[in-house]
Every structure is written in C-alpha cells, then in structure tokens.
C-alpha cells in the first residue's frame, strides 16, 4: 500500500519546509487543541497532532467501510430497543463490572417508569484496521463501534485542506486534487438539528454535556457552529451543573437554568472516572427526561465490547436484523475473530489458548476512550491472574489485526521531526434519527483516519498516541 511519496520521504530539505508550512496551515484551518498546561483556557492553543503526509488507504476497503455504515446504524438502533438481548448479553459482565452494572440499572429503571423520550438520535463511529492476513491481501476488520462521544468529526473536517497544501508545496498538485472532501461535523450537526426539530419546540436548546477538562473544545465547536448557523441555540454544561440546576416538569421536560433542553449531546460519561455519586444522579435525571439523548443509555450499552463479541456468534445478527440478509452479510464481512471469556468450558479453552500464544490476541475491557487494551506479555500476565475468577468475564478476546506499516512523519508540538513506521485506523461516522418506530434519517456522514507509530499498541488522538490523518486512496 505504498503512497506516491516515497521520493519525498528521503528529501530532508523539502520535508523541513513542508513541515513548517503544514503547522501554519493547521493553525490557519483551525486544527487546534488547548494545551496540557491550560486545558480549560483558549488564551494559548496549539495545533492538534497530525501526519505530514496523507496515508495510503485501499479504495475498495474505504468504499466497503462506507457501504456498511448504514447497516451498523440499523444494528445499533435494533440492539438499543431489545431489552432482552441486552439483559442476556450483559448478564455475566454486570456481575463483575460495576460501571456497566450501574448503566444497566438506570436503563432498567427508565424502562420500568416508561420512556418519556420518543425521538432517538445515534451518532456512531465504526473503527477499522486493514488486516494483511495469511495471503498478504488487506481486508477491512472492525476494531469497535463507538456509540457515545465519538470525537474528532470537527477537526478532521479541516485536516484534508492542510494535507492538500502540503502536497502542493511538495510539487504534487495533481495528487492534492485527489484528496476527498470530508465534513463529518456538518453531518453530525444535521442529525442533532433533525432531532431538535422533531422534539418540537423552537425555543428549546441543544445541550452539549462536556468534561471538566476540555482540551478538545475546538472539535466540539465545529459541530456547535453548524448548529448556531441553523439558529439553534447551544449551551455547554457539565454533570455537576445538571445536578445543581437541572429539573424535570410534570411532562418530564428537562430544564437547565430555566431553559428547556431538546437534545443532550454527550461528550462525557463514557468512562468510570466521569462519575461520582452526584454525576450518577445527574445521569438518571437526564435519562428520565423527554429530551433526546445522544446517546440514550441503551445505545451506550449497545456499544460495549461484550455486545460486540455476542454479535459475532452465529445467528445473532439474523435475530436482530430479520429480513435483512444483505446487511447481515456486509456487517459479518468486517468482523475479526471475537471470543467470550465467560465462565465454563468455552471460556476456559480460549483463556488457555491466549495464555499459550498471547501475540495472537488483544484483551479488551468494557471501556471507551482508548488506551485500555492489553497485548502480548501484559495480556498473558493479566489472564493468568484472572483465569479462574469471574473477573475475566468483564473482558473479551479478539484476534490481533496485523496491518501493513508505512513511513510518515507525525507532527506534534514541541517534538522533533523524525520519520516513523506507522499504522492507520479508519473510522466512519454514522448518524441516524428515529421517531417512535420510524427511521427518519440514516446516513454515513464522513470519515476519520488516525495514524500512530507501530511501537504504540493502543490509544487514540485524545490519549496522545495517534494523530489526525487524511486517506489517499490507492
């Protein structure tokens, strides 16, 4: 999968000049993050890390990833409405994983009270790598699907322009013209705007639920600006604001500071560290409300690793998507090998296999946000420790994907310019809106390519490991 810049990589003066242009272009285009030193202030900002050159992506696999996104949207939505499936699938996990258990308890409570919410909005990102299997032919394999706080749709909307500038500086104008337009932030905002419209109150606001530390604010502002451009008011609040000032009226309408909230868009709430007792109470208040939650708690549970593993069992997709044989085939073609570590003979066997040959697998906990997976010797040590304990059911095992590395420069503020051997991960953003039982929107709305040096097994851009990239289709 060689990109046509092998000649450039060896030309040091050209690379130095291109890197200077690239950094200025990133600042000019707004590919920005706040600094670690001042994570809640925009007085001093820096460029978000990115590759100097676009990375080669096989066009057939790129098209395959786009083609299956609407199927994944339908699947996530179907899972979120299937209480029995979620209860059965997560039964072993909620015994040993307190975070998943607490989410599930809220889910059950809200269903028992009766859902106040009638409009449902999903913003998903399905992430893939290109596996060079035994025959060396790359294949698209899904890593995970993110159903809450799927980020970088904003900054990646501005990254292709930076790479276009770099290619032109390097004398590759024709190649620059082949970079694909990409604007996920517009697509994400379209989904939020549709949900806001269907909620049916012109004066109601969209609430971004945000973290205490907000380094990645500009990514969110890209989506926010698209909403303001449609004259939709946006407020930014944290869980503690909801706990202190949030309320429901008799019709379960949600109010913040006296303003009715139509849509709650979560950019927070996906890891245990996001919660204390107050925050759990705030989450319950939000879930009980009529406001459109993106995601509602059932959709967040649909994105757990345990659900991902259960989907790979024969017959599961057919039960969840009856009468959609073609969608089932497209989805299944992207699955890597996924294995249960539930207590019993099947789990015992796969645990023993992984301990004997840890480099074949990845051990995944039920966590979002990157940087949680275990590999190699670390995987073996953890599995040996928990192999006879129910704690192992809070993990799943997945076949390790082996992509073909390529050479690139990873640009990070205050870091030396050096060439690295890299691998990439492709994410496709999907948006859907359902009103009652009717699907009123279902789209693939853009892509996110992230690239990292091969010495880093795990972690995304926010975790400080991967950098933003643009696909160059080959």
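Including glycine, each Cβ sits where the backbone N, Cα and C put it.
Features of the protein shown, as given by TrEMBL:
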BINDING   125, 148-151, 214-216, 220, 267-270, 450, 461-462  substrate binding site
BINDING   144, 146, 368  Mg(2+) binding site
BINDING   144, 305, 364-373, 375, 398-401, 425, 452, 458  ATP binding site
DOMAIN    204-302  domain 'Glutathione synthase substrate-binding'
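Feature map: TrEMBL annotations on the structure.
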residue : record                 : contacts (Cβ under 8 Å, 6+ apart)
125     : substrate binding site : 145, 146, 150, 153, 427, 428, 429, 430, 448
144     : Mg(2+) binding site    : 126, 127, 303, 305, 308, 364
365     : ATP binding site       : 97, 305, 372, 373, 394, 395
400     : ATP binding site       : 359, 360, 361, 362, 375
_Which listed residue (146, 149, 215, 270, 375) has most other Cβ within 10 Å, given these are binding-site residues_ = 149
_Using a 10 Å cut-off on Cβ-Cβ distances across all protein chains shown, tell me which of the binding-site residues (151, 220) has the largest neighbour count._
220
*Average the per-residue pLDDT over the domain 'Glutathione synthase substrate-binding' (204-302) and send me the rounded value.*
98
*Could you state the CA-to-CA distance between residue 220 (substrate binding site) and residue 452 (ATP binding site) to the nearest Å?*
23
*Measuring Cα to Cα, how many angstrom lie between residue 151 (substrate binding site) and residue 452 (ATP binding site)?*
17
*Mind checking which of 268, 452 has the fewest other CB atoms within 10 A of its CB? They're the binding-site residues.*
268
*Where residue 452 (ATP binding site) and residue 215 (substrate binding site) are concerned, what is their Cα separation in Å, rounded?*
20
*asked:* Treating G and I as helix alongside H, and B as strand alongside E, what does DSSP give for the domain 'Glutathione synthase substrate-binding' (204-302) in helix, strand and coil?
replied: 40 helix, 26 strand, 33 coil
